[in-house]
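Asks: So that we are looking at the same thing, I have put the structure below in C-alpha coordinates.
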Amino acid sequence: MSNLAILPILLPLLAGIITAFIHKKTKLVRSFSQITAVINLIVVGYVFMTIRSQGTIVLEVGSWEAPFGIVLVGDLLAAVLVLTTNIIGVAAVFFAPKSLTEKEESFYFYSFFFLLIAGVSGAFLTGDLFNLFVFFEVLLMASYGLIVLGNGKAQLRESIKYVLINLFSSMLFVTTISFLYSVVGTVNMAQIAQRVQEVEQQGILTTIGILLFFVFATKAAVFPLYYWLPRPYSAPNAVVSALFGALLTKVGIYSILRTFTLMFNQEVDMTHTLFIYLAALTMIFGVIGALSTHNVKLIVAYNIIPAVGFMLMGIGIFSEVSLSGTVYYLIHDMIIKAALFILAGATVYVAGTSDLRKMGGLIHHYPVLGWMMFLASLVLAGIPPFSGFIGKLQLIRGAVGQGEVMIVIVALISSLLILFSMIRIFIRGFWGDKTDIPRPDRKEKGSRMVYPAVFLLTLSVLLGVGAEWFFPVVESIAQYLMDPEIYIDSVLKE
Amino acid sequence: MEFIMAVLAGILFTTGVYNLLQKQLLRIIIGTGLISHGAHLFILTMGELKRGAPPVLTEGIEKYTDPLPQALILTSIVISFGVTSLLLVLAYRAAKINGTDNMEQLRGNDYE
(Lines of atoms letter the chains of each structure in order from A and count residues from 1; the text may use other names and numbers.)
(Lines give C-alpha, C1' and ligand atoms only; values in the text may rest on other atoms or scores of the structure.)
Protein backbone atom coordinates (compact mmCIF):
# COMPACT_ATOMS: atom_id res chain seq x y z
CA MET A 1 0.00 0.00 0.00
CA SER A 2 2.86 2.36 0.66
CA ASN A 3 3.39 2.80 -3.09
CA LEU A 4 0.34 5.08 -3.05
CA ALA A 5 2.54 7.91 -1.84
CA ILE A 6 4.33 8.24 -5.16
CA LEU A 7 1.22 8.23 -7.39
CA PRO A 8 0.52 12.00 -7.10
CA ILE A 9 4.04 12.63 -8.45
CA LEU A 10 4.23 9.82 -10.98
CA LEU A 11 0.94 10.39 -12.81
CA PRO A 12 1.53 14.08 -13.71
CA LEU A 13 5.15 13.31 -14.58
CA LEU A 14 4.07 10.63 -17.07
CA ALA A 15 1.32 12.88 -18.42
CA GLY A 16 3.89 15.64 -18.88
CA ILE A 17 6.14 13.35 -20.91
CA ILE A 18 3.27 12.02 -23.05
CA THR A 19 1.92 15.51 -23.80
CA ALA A 20 5.40 16.57 -24.92
CA PHE A 21 5.18 14.03 -27.74
CA ILE A 22 1.73 15.05 -28.98
CA HIS A 23 2.09 18.79 -28.38
CA LYS A 24 1.33 19.80 -31.97
CA LYS A 25 -2.10 18.17 -32.14
CA THR A 26 -3.87 20.85 -30.15
CA LYS A 27 -7.30 19.19 -29.86
CA LEU A 28 -5.85 15.82 -28.87
CA VAL A 29 -3.43 17.21 -26.30
CA ARG A 30 -6.16 19.41 -24.85
CA SER A 31 -8.67 16.62 -24.27
CA PHE A 32 -5.94 14.22 -23.12
CA SER A 33 -4.78 16.74 -20.53
CA GLN A 34 -8.29 17.46 -19.29
CA ILE A 35 -9.07 13.77 -18.86
CA THR A 36 -5.72 13.05 -17.19
CA ALA A 37 -6.09 15.98 -14.80
CA VAL A 38 -9.52 14.73 -13.70
CA ILE A 39 -8.25 11.13 -13.31
CA ASN A 40 -5.33 12.48 -11.31
CA LEU A 41 -7.69 14.38 -9.03
CA ILE A 42 -9.71 11.20 -8.43
CA VAL A 43 -6.54 9.20 -7.65
CA VAL A 44 -5.30 11.89 -5.27
CA GLY A 45 -8.73 11.97 -3.63
CA TYR A 46 -8.43 8.21 -3.08
CA VAL A 47 -4.92 8.63 -1.63
CA PHE A 48 -6.26 11.34 0.67
CA MET A 49 -9.10 9.11 1.90
CA THR A 50 -6.65 6.25 2.51
CA ILE A 51 -4.31 8.50 4.53
CA ARG A 52 -7.29 9.90 6.40
CA SER A 53 -8.46 6.45 7.49
CA GLN A 54 -5.13 4.63 7.88
CA GLY A 55 -2.70 7.33 8.94
CA THR A 56 0.64 8.37 7.41
CA ILE A 57 1.93 6.44 4.40
CA VAL A 58 5.72 6.21 4.15
CA LEU A 59 7.41 5.06 0.95
CA GLU A 60 11.09 4.17 1.05
CA VAL A 61 12.07 4.69 -2.57
CA GLY A 62 13.98 1.71 -3.99
CA SER A 63 13.58 -0.08 -0.64
CA TRP A 64 16.51 1.79 0.86
CA GLU A 65 15.78 1.95 4.56
CA ALA A 66 14.61 5.22 6.04
CA PRO A 67 17.59 7.32 7.14
CA PHE A 68 19.75 6.19 4.19
CA GLY A 69 17.48 6.34 1.17
CA ILE A 70 14.97 8.94 0.01
CA VAL A 71 11.59 8.73 1.70
CA LEU A 72 8.24 10.05 0.61
CA VAL A 73 6.02 10.83 3.56
CA GLY A 74 2.32 11.05 2.81
CA ASP A 75 0.94 12.52 6.01
CA LEU A 76 -2.39 14.29 6.32
CA LEU A 77 -0.92 17.78 5.78
CA ALA A 78 0.81 16.73 2.56
CA ALA A 79 -2.30 14.87 1.38
CA VAL A 80 -4.62 17.85 1.91
CA LEU A 81 -2.25 20.19 0.08
CA VAL A 82 -1.73 17.78 -2.82
CA LEU A 83 -5.50 17.42 -3.11
CA THR A 84 -5.94 21.21 -3.23
CA THR A 85 -3.13 21.45 -5.80
CA ASN A 86 -4.93 19.00 -8.05
CA ILE A 87 -8.27 20.79 -7.68
CA ILE A 88 -6.55 23.96 -8.90
CA GLY A 89 -4.90 21.90 -11.62
CA VAL A 90 -8.29 20.78 -12.95
CA ALA A 91 -9.63 24.35 -12.93
CA ALA A 92 -6.50 25.59 -14.71
CA VAL A 93 -6.53 22.91 -17.39
CA PHE A 94 -10.13 23.78 -18.28
CA PHE A 95 -9.33 27.50 -18.23
CA ALA A 96 -6.24 27.12 -20.44
CA PRO A 97 -7.97 26.77 -23.85
CA LYS A 98 -10.05 29.89 -23.14
CA SER A 99 -7.08 31.95 -22.02
CA LEU A 100 -4.29 30.86 -24.37
CA THR A 101 -4.15 31.09 -28.13
CA GLU A 102 -3.92 27.79 -30.00
CA LYS A 103 -0.31 28.50 -30.82
CA GLU A 104 0.61 29.05 -27.19
CA GLU A 105 -1.23 25.87 -26.23
CA SER A 106 0.79 23.84 -28.68
CA PHE A 107 4.10 25.20 -27.32
CA TYR A 108 4.31 22.62 -24.53
CA PHE A 109 1.90 24.40 -22.17
CA TYR A 110 0.40 21.12 -20.99
CA SER A 111 3.79 19.44 -20.51
CA PHE A 112 5.02 22.26 -18.30
CA PHE A 113 1.69 22.34 -16.51
CA PHE A 114 1.89 18.65 -15.56
CA LEU A 115 5.55 18.94 -14.57
CA LEU A 116 4.63 21.88 -12.35
CA ILE A 117 1.93 19.79 -10.65
CA ALA A 118 4.43 16.92 -10.27
CA GLY A 119 7.03 19.24 -8.73
CA VAL A 120 4.57 20.87 -6.32
CA SER A 121 3.16 17.50 -5.22
CA GLY A 122 6.69 16.16 -4.79
CA ALA A 123 7.70 19.13 -2.64
CA PHE A 124 4.70 18.47 -0.40
CA LEU A 125 5.33 14.74 -0.14
CA THR A 126 9.08 14.42 0.25
CA GLY A 127 10.66 13.60 3.60
CA ASP A 128 14.21 14.46 2.61
CA LEU A 129 15.65 17.97 2.64
CA PHE A 130 17.86 17.56 -0.42
CA ASN A 131 14.99 15.95 -2.27
CA LEU A 132 12.92 19.02 -1.39
CA PHE A 133 15.56 21.09 -3.21
CA VAL A 134 15.29 18.79 -6.23
CA PHE A 135 11.49 19.10 -6.33
CA PHE A 136 11.80 22.86 -5.95
CA GLU A 137 13.97 22.80 -9.06
CA VAL A 138 11.48 20.59 -10.91
CA LEU A 139 8.65 23.01 -10.26
CA LEU A 140 10.84 26.05 -10.95
CA MET A 141 12.02 24.61 -14.27
CA ALA A 142 8.39 24.07 -15.27
CA SER A 143 7.55 27.59 -14.15
CA TYR A 144 10.42 29.01 -16.24
CA GLY A 145 8.86 27.30 -19.23
CA LEU A 146 5.42 28.68 -18.41
CA ILE A 147 6.44 32.25 -17.65
CA VAL A 148 7.97 32.85 -21.08
CA LEU A 149 5.00 31.35 -22.90
CA GLY A 150 3.82 33.91 -25.42
CA ASN A 151 7.23 35.50 -25.80
CA GLY A 152 6.10 39.06 -25.05
CA LYS A 153 8.45 41.95 -24.48
CA ALA A 154 7.48 42.56 -20.84
CA GLN A 155 7.23 38.86 -20.17
CA LEU A 156 10.82 38.11 -21.18
CA ARG A 157 12.05 41.06 -19.20
CA GLU A 158 10.26 39.96 -16.04
CA SER A 159 11.12 36.29 -16.43
CA ILE A 160 14.86 37.06 -16.31
CA LYS A 161 14.40 38.64 -12.89
CA TYR A 162 12.25 35.72 -11.81
CA VAL A 163 14.81 33.11 -12.90
CA LEU A 164 17.69 35.03 -11.33
CA ILE A 165 16.11 35.44 -7.91
CA ASN A 166 15.09 31.79 -7.84
CA LEU A 167 18.50 30.59 -8.99
CA PHE A 168 20.18 32.63 -6.27
CA SER A 169 17.89 31.35 -3.53
CA SER A 170 18.32 27.76 -4.78
CA MET A 171 22.09 28.08 -4.49
CA LEU A 172 21.67 29.46 -0.98
CA PHE A 173 19.45 26.46 -0.26
CA VAL A 174 22.17 24.02 -1.39
CA THR A 175 24.77 25.82 0.71
CA THR A 176 22.51 25.73 3.75
CA ILE A 177 21.87 22.01 3.29
CA SER A 178 25.62 21.42 3.20
CA PHE A 179 26.03 23.40 6.45
CA LEU A 180 23.29 21.36 8.05
CA TYR A 181 24.82 18.13 6.76
CA SER A 182 28.18 18.97 8.32
CA VAL A 183 26.49 19.53 11.70
CA VAL A 184 23.95 16.71 11.88
CA GLY A 185 25.31 14.33 9.22
CA THR A 186 22.01 13.57 7.49
CA VAL A 187 19.50 15.08 5.09
CA ASN A 188 16.53 12.97 6.14
CA MET A 189 14.05 15.35 7.78
CA ALA A 190 12.97 12.95 10.52
CA GLN A 191 16.56 12.16 11.44
CA ILE A 192 17.52 15.84 11.36
CA ALA A 193 14.63 16.51 13.75
CA GLN A 194 15.92 13.79 16.04
CA ARG A 195 19.56 14.91 15.97
CA VAL A 196 18.84 18.62 16.31
CA GLN A 197 17.75 17.89 19.89
CA GLU A 198 21.03 16.12 20.63
CA VAL A 199 23.54 18.59 19.17
CA GLU A 200 25.37 20.55 21.84
CA GLN A 201 25.97 23.78 19.96
CA GLN A 202 22.41 25.02 19.53
CA GLY A 203 23.63 28.42 18.30
CA ILE A 204 24.93 27.12 14.99
CA LEU A 205 21.67 25.26 14.41
CA THR A 206 19.62 28.40 14.95
CA THR A 207 21.85 30.17 12.41
CA ILE A 208 21.24 27.39 9.91
CA GLY A 209 17.53 27.53 10.67
CA ILE A 210 17.43 31.25 9.92
CA LEU A 211 19.36 30.69 6.68
CA LEU A 212 16.80 28.07 5.64
CA PHE A 213 14.07 30.52 6.57
CA PHE A 214 15.62 33.11 4.24
CA VAL A 215 15.63 30.61 1.39
CA PHE A 216 11.97 29.69 1.89
CA ALA A 217 11.02 33.30 2.60
CA THR A 218 12.40 34.27 -0.81
CA LYS A 219 10.19 31.64 -2.46
CA ALA A 220 7.20 32.57 -0.30
CA ALA A 221 7.63 36.36 -0.68
CA VAL A 222 7.95 37.37 2.97
CA PHE A 223 9.06 40.91 3.85
CA PRO A 224 11.76 42.07 2.94
CA LEU A 225 12.13 39.46 0.20
CA TYR A 226 8.83 40.03 -1.61
CA TYR A 227 9.98 42.77 -4.02
CA TRP A 228 10.51 40.36 -6.90
CA LEU A 229 7.01 38.89 -6.84
CA PRO A 230 4.32 41.26 -8.21
CA ARG A 231 5.64 42.00 -11.70
CA PRO A 232 6.67 38.52 -12.82
CA TYR A 233 3.34 37.21 -11.51
CA SER A 234 1.28 39.76 -13.38
CA ALA A 235 3.23 39.64 -16.67
CA PRO A 236 2.37 36.18 -18.09
CA ASN A 237 -0.92 34.79 -19.35
CA ALA A 238 -3.85 34.61 -16.90
CA VAL A 239 -3.77 30.82 -16.56
CA VAL A 240 -0.04 30.88 -15.78
CA SER A 241 -0.54 33.68 -13.24
CA ALA A 242 -3.31 31.65 -11.62
CA LEU A 243 -1.06 28.60 -11.28
CA PHE A 244 1.84 30.67 -9.93
CA GLY A 245 -0.25 32.68 -7.51
CA ALA A 246 -2.03 29.61 -6.20
CA LEU A 247 0.85 27.17 -5.92
CA LEU A 248 4.38 28.58 -5.90
CA THR A 249 4.44 30.87 -2.87
CA LYS A 250 2.42 28.27 -0.96
CA VAL A 251 5.20 25.73 -1.44
CA GLY A 252 7.53 28.20 0.29
CA ILE A 253 5.10 28.68 3.18
CA TYR A 254 4.61 24.93 3.45
CA SER A 255 8.40 24.48 3.70
CA ILE A 256 8.61 27.06 6.49
CA LEU A 257 5.73 25.34 8.26
CA ARG A 258 7.35 21.92 7.96
CA THR A 259 10.89 23.03 8.82
CA PHE A 260 10.00 25.10 11.84
CA THR A 261 7.47 22.74 13.37
CA LEU A 262 9.43 19.54 12.78
CA MET A 263 13.13 20.41 12.86
CA PHE A 264 13.97 23.84 14.23
CA ASN A 265 11.62 24.17 17.18
CA GLN A 266 14.37 24.39 19.78
CA GLU A 267 14.58 28.18 20.08
CA VAL A 268 10.99 29.25 19.66
CA ASP A 269 11.50 32.49 21.58
CA MET A 270 13.95 33.82 19.04
CA THR A 271 12.99 32.38 15.65
CA HIS A 272 9.24 32.42 16.00
CA THR A 273 9.14 35.93 17.48
CA LEU A 274 11.09 37.08 14.42
CA PHE A 275 8.36 35.48 12.28
CA ILE A 276 5.64 37.49 14.01
CA TYR A 277 7.41 40.79 13.28
CA LEU A 278 8.09 39.80 9.69
CA ALA A 279 4.48 38.69 9.28
CA ALA A 280 3.22 42.10 10.42
CA LEU A 281 5.58 43.93 8.05
CA THR A 282 4.64 41.58 5.19
CA MET A 283 0.94 42.35 5.65
CA ILE A 284 1.47 46.10 5.80
CA PHE A 285 3.79 46.36 2.81
CA GLY A 286 1.80 43.94 0.69
CA VAL A 287 -1.43 45.79 1.18
CA ILE A 288 0.24 49.16 0.52
CA GLY A 289 1.45 47.70 -2.77
CA ALA A 290 -2.05 46.57 -3.64
CA LEU A 291 -3.43 50.05 -2.96
CA SER A 292 -0.67 51.77 -4.95
CA THR A 293 -1.57 50.60 -8.43
CA HIS A 294 -4.42 50.78 -10.94
CA ASN A 295 -3.35 47.64 -12.79
CA VAL A 296 -5.93 44.89 -12.14
CA LYS A 297 -3.45 42.01 -12.38
CA LEU A 298 -0.92 43.81 -10.19
CA ILE A 299 -3.55 44.42 -7.50
CA VAL A 300 -4.28 40.71 -7.36
CA ALA A 301 -0.56 39.84 -7.44
CA TYR A 302 0.17 42.23 -4.56
CA ASN A 303 -2.63 40.61 -2.58
CA ILE A 304 -0.59 37.39 -2.46
CA ILE A 305 1.84 39.09 -0.08
CA PRO A 306 -0.47 39.96 2.88
CA ALA A 307 -1.89 36.41 2.66
CA VAL A 308 1.65 35.08 3.12
CA GLY A 309 1.88 37.37 6.14
CA PHE A 310 -1.25 35.82 7.65
CA MET A 311 0.10 32.29 7.26
CA LEU A 312 3.48 33.26 8.69
CA MET A 313 1.72 34.87 11.64
CA GLY A 314 0.21 31.49 12.56
CA ILE A 315 3.60 29.78 12.37
CA GLY A 316 5.14 32.54 14.48
CA ILE A 317 2.54 32.28 17.24
CA PHE A 318 3.12 28.54 17.28
CA SER A 319 0.16 27.17 19.18
CA GLU A 320 -2.29 24.49 18.14
CA VAL A 321 -5.06 27.00 17.41
CA SER A 322 -2.86 29.28 15.31
CA LEU A 323 -1.35 26.39 13.34
CA SER A 324 -4.84 25.14 12.50
CA GLY A 325 -5.52 28.68 11.27
CA THR A 326 -2.40 28.60 9.11
CA VAL A 327 -3.28 25.25 7.53
CA TYR A 328 -6.87 26.34 6.92
CA TYR A 329 -5.72 29.65 5.46
CA LEU A 330 -3.21 27.83 3.24
CA ILE A 331 -5.95 25.69 1.68
CA HIS A 332 -8.32 28.66 1.41
CA ASP A 333 -5.68 30.90 -0.13
CA MET A 334 -4.63 28.39 -2.78
CA ILE A 335 -8.21 28.14 -4.04
CA ILE A 336 -9.13 31.81 -3.81
CA LYS A 337 -5.90 33.07 -5.44
CA ALA A 338 -6.43 30.77 -8.42
CA ALA A 339 -10.03 32.04 -8.73
CA LEU A 340 -8.95 35.68 -8.42
CA PHE A 341 -6.25 35.43 -11.07
CA ILE A 342 -8.72 33.73 -13.42
CA LEU A 343 -11.27 36.51 -12.81
CA ALA A 344 -8.65 39.23 -13.21
CA GLY A 345 -7.50 37.59 -16.44
CA ALA A 346 -11.08 37.50 -17.74
CA THR A 347 -11.64 41.14 -16.75
CA VAL A 348 -8.50 42.30 -18.51
CA TYR A 349 -9.41 40.22 -21.55
CA VAL A 350 -12.94 41.61 -21.95
CA ALA A 351 -11.96 45.19 -21.14
CA GLY A 352 -8.97 45.11 -23.49
CA THR A 353 -6.83 46.95 -20.91
CA SER A 354 -5.48 46.28 -17.44
CA ASP A 355 -5.73 49.93 -16.38
CA LEU A 356 -8.66 50.46 -13.99
CA ARG A 357 -8.94 54.12 -14.94
CA LYS A 358 -9.87 53.17 -18.50
CA MET A 359 -12.56 50.68 -17.45
CA GLY A 360 -16.12 51.14 -16.24
CA GLY A 361 -19.62 49.77 -16.51
CA LEU A 362 -18.55 46.24 -17.33
CA ILE A 363 -21.29 44.74 -15.15
CA HIS A 364 -23.96 45.64 -17.69
CA HIS A 365 -22.30 43.39 -20.23
CA TYR A 366 -20.77 40.74 -17.95
CA PRO A 367 -23.03 40.38 -14.88
CA VAL A 368 -21.68 36.94 -13.85
CA LEU A 369 -18.07 38.09 -14.02
CA GLY A 370 -18.88 41.21 -12.00
CA TRP A 371 -20.70 39.43 -9.20
CA MET A 372 -18.07 36.70 -9.05
CA MET A 373 -15.40 39.37 -8.63
CA PHE A 374 -17.46 40.88 -5.82
CA LEU A 375 -17.89 37.52 -4.12
CA ALA A 376 -14.17 36.72 -4.52
CA SER A 377 -13.28 40.04 -2.86
CA LEU A 378 -15.49 39.21 0.13
CA VAL A 379 -14.01 35.70 0.42
CA LEU A 380 -10.46 37.04 0.23
CA ALA A 381 -11.01 39.73 2.83
CA GLY A 382 -12.56 37.22 5.22
CA ILE A 383 -16.16 38.39 5.53
CA PRO A 384 -18.18 35.75 7.43
CA PRO A 385 -19.39 33.14 6.56
CA PHE A 386 -16.77 32.60 3.82
CA SER A 387 -13.59 30.56 4.15
CA GLY A 388 -11.20 33.48 4.70
CA PHE A 389 -13.09 34.30 7.88
CA ILE A 390 -12.59 30.88 9.47
CA GLY A 391 -8.84 30.94 8.85
CA LYS A 392 -8.44 34.47 10.16
CA LEU A 393 -10.63 33.76 13.17
CA GLN A 394 -8.39 30.87 14.19
CA LEU A 395 -5.23 32.92 13.63
CA ILE A 396 -6.55 35.80 15.71
CA ARG A 397 -7.82 33.47 18.44
CA GLY A 398 -4.35 31.93 18.57
CA ALA A 399 -2.68 35.35 18.75
CA VAL A 400 -4.95 36.61 21.51
CA GLY A 401 -4.40 33.36 23.39
CA GLN A 402 -0.65 34.02 23.41
CA GLY A 403 -1.06 37.71 24.26
CA GLU A 404 0.20 39.02 20.90
CA VAL A 405 -2.19 41.94 20.56
CA MET A 406 -0.15 44.09 18.15
CA ILE A 407 -0.23 41.50 15.40
CA VAL A 408 -4.00 41.18 15.81
CA ILE A 409 -4.46 44.92 15.23
CA VAL A 410 -2.18 44.85 12.18
CA ALA A 411 -3.98 41.79 10.81
CA LEU A 412 -7.43 43.32 11.21
CA ILE A 413 -6.44 46.64 9.65
CA SER A 414 -4.75 44.95 6.72
CA SER A 415 -7.84 42.75 6.20
CA LEU A 416 -9.91 45.89 5.88
CA LEU A 417 -7.42 47.38 3.42
CA ILE A 418 -7.39 44.13 1.41
CA LEU A 419 -11.16 44.42 1.07
CA PHE A 420 -10.77 48.05 0.00
CA SER A 421 -8.10 47.23 -2.60
CA MET A 422 -10.24 44.46 -4.09
CA ILE A 423 -13.50 46.38 -4.02
CA ARG A 424 -11.74 49.10 -6.03
CA ILE A 425 -11.62 46.68 -8.94
CA PHE A 426 -15.36 46.16 -8.59
CA ILE A 427 -16.18 49.87 -8.23
CA ARG A 428 -13.86 51.22 -10.91
CA GLY A 429 -14.18 48.35 -13.36
CA PHE A 430 -17.73 47.12 -13.05
CA TRP A 431 -19.86 49.92 -11.67
CA GLY A 432 -20.72 53.00 -13.63
CA ASP A 433 -23.05 54.00 -16.43
CA LYS A 434 -23.75 51.63 -19.25
CA THR A 435 -21.24 52.30 -21.97
CA ASP A 436 -20.57 50.67 -25.31
CA ILE A 437 -19.17 47.19 -24.93
CA PRO A 438 -15.38 47.64 -25.09
CA ARG A 439 -14.43 44.64 -27.23
CA PRO A 440 -17.57 43.14 -28.84
CA ASP A 441 -15.46 40.47 -30.58
CA ARG A 442 -14.44 39.08 -27.19
CA LYS A 443 -17.92 38.87 -25.69
CA GLU A 444 -18.59 35.15 -26.18
CA LYS A 445 -15.16 33.84 -25.22
CA GLY A 446 -14.96 36.31 -22.33
CA SER A 447 -18.21 35.12 -20.77
CA ARG A 448 -17.05 31.51 -20.93
CA MET A 449 -13.80 32.33 -19.12
CA VAL A 450 -15.70 32.72 -15.84
CA TYR A 451 -16.71 29.07 -15.36
CA PRO A 452 -13.46 27.68 -13.87
CA ALA A 453 -13.56 30.55 -11.37
CA VAL A 454 -17.18 29.74 -10.54
CA PHE A 455 -16.10 26.17 -9.79
CA LEU A 456 -13.30 27.34 -7.47
CA LEU A 457 -15.46 29.96 -5.76
CA THR A 458 -18.16 27.37 -5.08
CA LEU A 459 -15.54 25.24 -3.36
CA SER A 460 -14.29 28.25 -1.45
CA VAL A 461 -17.78 29.14 -0.23
CA LEU A 462 -18.40 25.49 0.71
CA LEU A 463 -15.13 25.50 2.65
CA GLY A 464 -16.43 28.44 4.67
CA VAL A 465 -20.11 27.50 5.07
CA GLY A 466 -19.31 23.83 5.63
CA ALA A 467 -16.41 24.49 8.00
CA GLU A 468 -18.06 22.05 10.42
CA TRP A 469 -17.05 19.17 8.13
CA PHE A 470 -13.60 20.34 7.07
CA PHE A 471 -12.39 21.68 10.32
CA PRO A 472 -11.78 18.36 12.17
CA VAL A 473 -9.22 17.43 9.47
CA VAL A 474 -7.40 20.75 9.90
CA GLU A 475 -7.49 20.43 13.67
CA SER A 476 -5.96 16.97 13.60
CA ILE A 477 -3.22 18.30 11.29
CA ALA A 478 -2.46 21.07 13.79
CA GLN A 479 -2.27 18.57 16.65
CA TYR A 480 0.01 16.43 14.53
CA LEU A 481 2.29 19.39 13.72
CA MET A 482 2.69 20.29 17.38
CA ASP A 483 4.02 16.83 18.15
CA PRO A 484 7.01 16.09 15.85
CA GLU A 485 7.55 12.71 17.52
CA ILE A 486 4.68 11.22 15.48
CA TYR A 487 6.40 12.19 12.22
CA ILE A 488 9.77 10.91 13.41
CA ASP A 489 8.30 7.61 14.58
CA SER A 490 6.36 6.99 11.40
CA VAL A 491 9.47 7.55 9.23
CA LEU A 492 12.16 5.90 11.35
CA LYS A 493 9.82 3.20 12.75
CA GLU A 494 11.07 3.05 16.26
CA MET B 1 42.69 21.58 3.50
CA GLU B 2 39.08 22.24 4.54
CA PHE B 3 40.08 25.77 5.51
CA ILE B 4 41.58 26.54 2.10
CA MET B 5 38.52 25.15 0.35
CA ALA B 6 36.21 27.21 2.53
CA VAL B 7 38.17 30.37 1.71
CA LEU B 8 38.10 29.48 -1.98
CA ALA B 9 34.34 28.99 -1.85
CA GLY B 10 34.07 32.32 -0.07
CA ILE B 11 36.06 34.04 -2.82
CA LEU B 12 33.79 32.46 -5.44
CA PHE B 13 30.74 33.74 -3.56
CA THR B 14 32.16 37.25 -3.29
CA THR B 15 33.05 37.54 -6.95
CA GLY B 16 29.71 35.96 -7.83
CA VAL B 17 27.73 38.47 -5.81
CA TYR B 18 29.82 41.32 -7.23
CA ASN B 19 29.01 40.19 -10.75
CA LEU B 20 25.36 39.67 -9.83
CA LEU B 21 25.09 43.34 -8.92
CA GLN B 22 26.31 44.55 -12.32
CA LYS B 23 24.02 46.04 -14.93
CA GLN B 24 25.11 44.00 -17.93
CA LEU B 25 23.04 40.83 -18.34
CA LEU B 26 25.94 38.54 -19.29
CA ARG B 27 27.94 39.53 -16.21
CA ILE B 28 24.96 38.68 -14.02
CA ILE B 29 24.78 35.21 -15.55
CA ILE B 30 28.51 34.69 -14.99
CA GLY B 31 27.88 35.76 -11.39
CA THR B 32 25.25 33.06 -10.91
CA GLY B 33 27.68 30.52 -12.37
CA LEU B 34 30.39 31.53 -9.89
CA ILE B 35 27.96 31.35 -6.98
CA SER B 36 26.85 27.85 -7.91
CA HIS B 37 30.50 26.74 -8.14
CA GLY B 38 31.02 28.15 -4.66
CA ALA B 39 28.00 26.24 -3.38
CA HIS B 40 29.25 22.98 -4.91
CA LEU B 41 32.70 23.40 -3.37
CA PHE B 42 30.98 23.97 -0.05
CA ILE B 43 29.11 20.68 -0.21
CA LEU B 44 32.36 18.86 -0.99
CA THR B 45 34.13 20.53 1.90
CA MET B 46 31.34 19.90 4.37
CA GLY B 47 31.57 16.15 3.81
CA GLU B 48 35.22 16.31 4.99
CA LEU B 49 38.04 16.00 2.47
CA LYS B 50 39.91 12.71 2.46
CA ARG B 51 42.27 11.11 0.03
CA GLY B 52 42.92 7.54 -0.89
CA ALA B 53 39.84 5.99 0.67
CA PRO B 54 36.96 4.35 -1.24
CA PRO B 55 33.45 5.65 -0.73
CA VAL B 56 32.20 2.29 0.50
CA LEU B 57 31.75 0.93 3.96
CA THR B 58 32.29 -2.81 4.31
CA GLU B 59 32.97 -4.88 7.39
CA GLY B 60 36.40 -4.30 8.84
CA ILE B 61 37.23 -1.08 6.97
CA GLU B 62 37.71 1.93 9.22
CA LYS B 63 38.74 4.55 6.67
CA TYR B 64 36.19 5.53 4.04
CA THR B 65 34.97 8.59 2.17
CA ASP B 66 31.41 9.82 2.69
CA PRO B 67 29.64 9.21 -0.64
CA LEU B 68 26.56 11.32 0.06
CA PRO B 69 28.04 14.82 -0.56
CA GLN B 70 29.35 13.57 -3.90
CA ALA B 71 25.90 12.39 -4.90
CA LEU B 72 24.44 15.71 -3.79
CA ILE B 73 27.00 17.72 -5.77
CA LEU B 74 26.34 15.70 -8.89
CA THR B 75 22.62 16.46 -8.67
CA SER B 76 23.27 20.09 -7.95
CA ILE B 77 25.78 20.47 -10.81
CA VAL B 78 23.33 19.02 -13.31
CA ILE B 79 20.57 21.35 -12.12
CA SER B 80 22.70 24.49 -12.19
CA PHE B 81 24.06 23.52 -15.59
CA GLY B 82 20.52 23.26 -16.92
CA VAL B 83 19.37 26.51 -15.38
CA THR B 84 22.44 28.40 -16.60
CA SER B 85 21.95 27.27 -20.19
CA LEU B 86 18.27 28.18 -20.00
CA LEU B 87 19.20 31.56 -18.57
CA LEU B 88 21.65 32.22 -21.41
CA VAL B 89 18.97 31.52 -24.03
CA LEU B 90 16.41 33.57 -22.12
CA ALA B 91 18.83 36.48 -21.75
CA TYR B 92 19.61 36.36 -25.48
CA ARG B 93 15.94 36.45 -26.43
CA ALA B 94 15.11 39.15 -23.90
CA ALA B 95 18.02 41.33 -25.00
CA LYS B 96 17.06 40.88 -28.65
CA ILE B 97 13.36 41.64 -28.22
CA ASN B 98 13.82 44.48 -25.74
CA GLY B 99 16.76 45.91 -27.70
CA THR B 100 19.03 46.27 -24.67
CA ASP B 101 20.98 44.13 -22.20
CA ASN B 102 21.21 46.82 -19.54
CA MET B 103 19.19 45.94 -16.46
CA GLU B 104 18.66 49.62 -15.74
CA GLN B 105 16.60 49.89 -18.92
CA LEU B 106 14.84 46.59 -18.34
CA ARG B 107 12.83 47.88 -15.41
CA GLY B 108 9.56 48.35 -17.20
CA ASN B 109 6.40 50.22 -16.27
CA ASP B 110 2.98 49.13 -15.12
CA TYR B 111 0.68 49.23 -18.10
CA GLU B 112 1.45 47.25 -21.20
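Note: Cβ is positioned from N, Cα and C throughout, glycine not excepted.
Annotations for this protein, taken from TrEMBL, read as follows:
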DOMAIN    A:127-417  domain 'NADH:quinone oxidoreductase/Mrp antiporter transmembrane'
TRANSMEM  A:6-23  transmembrane segment
TRANSMEM  A:35-51  transmembrane segment
TRANSMEM  A:71-95  transmembrane segment
TRANSMEM  A:107-126  transmembrane segment
TRANSMEM  A:132-150  transmembrane segment
TRANSMEM  A:204-228  transmembrane segment
TRANSMEM  A:235-254  transmembrane segment
TRANSMEM  A:274-291  transmembrane segment
TRANSMEM  A:330-351  transmembrane segment
TRANSMEM  A:363-386  transmembrane segment
TRANSMEM  A:406-427  transmembrane segment
TRANSMEM  A:448-471  transmembrane segment
Asks: Count the CB pairs under 8 A between the transmembrane segment (A:448-471) and each of A:6-23, A:35-51, A:71-95, A:107-126, then give me the winner.
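Replies: Against the transmembrane segment (A:448-471), the leading stretch is A:71-95.
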Asks: When you scan the chain for residues with a C-beta under 8 Å from the transmembrane segment (A:71-95), skipping those not six or more beyond its ends, what do you find?
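Replies: Same-chain contacts beyond the ends: 4-6, 8-9, 12, 33-34, 37-38, 40-41, 44-45, 47-48, 51-52, 56-61, 110, 113, 117, 120-121, 124-128, 188-190, 238-239, 242-243, 246-247, 250, 254, 257-258, 327, 330-331, 334-335, 338-339, 342, 449, 451-453, 455-456, 459, 473-474, 476-477, 480-481, 487, 490-491.
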Asks: State the non-local partners of the transmembrane segment (A:35-51) in its own chain: residues 6+ outside its ends, Cβ under 8 Å from one of its Cβ atoms.
Replies: 1, 4-5, 7-8, 11-12, 15, 57, 74-76, 79-80, 82-83, 86-87, 89-90, 93, 114, 117, 121
